[in-house]
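Quick look at what TrEMBL annotates:
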COMPBIAS  1-25  compositional bias 'Low complexity'
DOMAIN    53-185  domain 'Nitroreductase'
REGION    1-33  region 'Disordered'
Ligand SMILES: Cc1cc2nc3c(=O)[nH]c(=O)nc-3n(C[C@H](O)[C@H](O)[C@H](O)COP(=O)(O)O)c2cc1C
């Protein structure tokens with residue numbers, strides 16, 4: 001009879017975890033931070049040469065949207081790959097307040113939003129779950145891309161849904177704020 005060898009955990013010999021710690025203190029706004037954040041969202045929301053995206057989506061619906069709040073420019077950009085048109089004017093400090101001032105400084109913010117009915121029409125009650133899972137995949141890609149771009153980051157799940165939707169002009173647009181990612185130095 002063959003003996004199955006089970007590899008043993010060896011304390012101290014585990015490969016180092018490369019993920020940077022979550023950051024809650026950021027520096028002041030600046031054009032360099034805005035540019036690095038645009039690079040991050042452009043990379044994650046864009047497609048590669050084969051037309052593939054950085055993250056998966058149930059049924060290929062790809063209905064989670066990203067809104068990049070640029071703290072220096074005071075603008076909201078729609079995250080749509082290489083093209084990131086300005087869709088609004090904003091005081092990024094308002095987003096920080098809607099996130100209950102959990103961070104200091106002036107990071108950029110990526111606000112992920114989704115339209116629940118989109119997923120529910122196809123997947124029934126599981127649709128909401130799929131929407132959140134997709135947002136999670138996307139957020140992880142943003143965190144990884146941020147680290148590569150030299151930005152520190154914080155994923156934020158605790159925020160004022162209605163206040164944020166109002167500030168972003170999402171009221172009546174059927175878009176539900178799902179997740180916030182602060183990006184800065
Ligand atoms: C779904 C989710 C929601 C989170 N929401 C918040 C939040 O609202 N405020 C916050 O300060 N950190 C938030 N975090 C970050 C965690 O607190 C953080 O990842 C955890 O403390 C571990 O620290 P580390 O990321 O430095 O390893 C959230 C993380 C996840 C995955």
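Every residue gets a Cβ built from N, Cα and C, even glycine.
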Looking only at the domain 'Nitroreductase' (53-185), mean pLDDT returns 96
For the domain 'Nitroreductase' (53-185), the DSSP residue counts stand at 48 helix, 39 strand, 46 coil
